[in-house]
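Q: There's a structure below that I have some questions on.
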Amino acid sequence: MSSGFTLKQFHVNHGGCGMPVSTDGILLGAWAKLDQTQPILDIGTGSGLLALMAAQRTCDASITAIELDPTAALVAKDNFGHSPWSARLSCIEANLIHWFPTISKQTFGSIVCNPPYFNFGQQAQQGQRAQARHTDTLSHSALLHALKHLLADNGQQA
């Protein structure tokens, strides 16, 4: 595989993604409290790191990853396909705000997300990096609105 990051049980290629694998992403993936059997959602999956870590930490849960950026979605799908858990992982290229109303009443036992965190300030020159870091395409209020509808009763979010 090309450049990326190798963990104990899998490799993550992050070429073509707005944000590379980083310590904060790995810590979030290790820290997240996950339901072991109910479906898991990874919002803004990027390279698929959090979804892959969720698959590694659970035995039976199906994991759906959603990604707005087409290039990053392809990278995540490729990473999923090369993982030992490919049968439990899927990636949807879509805008969360437009996607979640289309899935009816489906909910997730756990939702993981390393969301955009800058509301203002100078944006990165690279469009993918700016999209991953700034709330222009996913505001905090829009994310919370989606979580309200997607998280199962007694579900976990990280």
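Yeah, the Cβs are placed from backbone N, Cα and C, and that goes for glycine too.
As listed in TrEMBL for this protein:
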DOMAIN    36-122  domain 'Methyltransferase small'
Q: For the domain 'Methyltransferase small' (36-122), provide the mean pLDDT of the predicted model.
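A: Summarising the domain 'Methyltransferase small' (36-122) by its mean pLDDT gives 90.
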Q: For the domain 'Methyltransferase small' (36-122), jot down how many residues DSSP puts in helix, in strand and in coil.
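A: Looking at the domain 'Methyltransferase small' (36-122) with DSSP, the answer is 32 helix, 21 strand, 34 coil.
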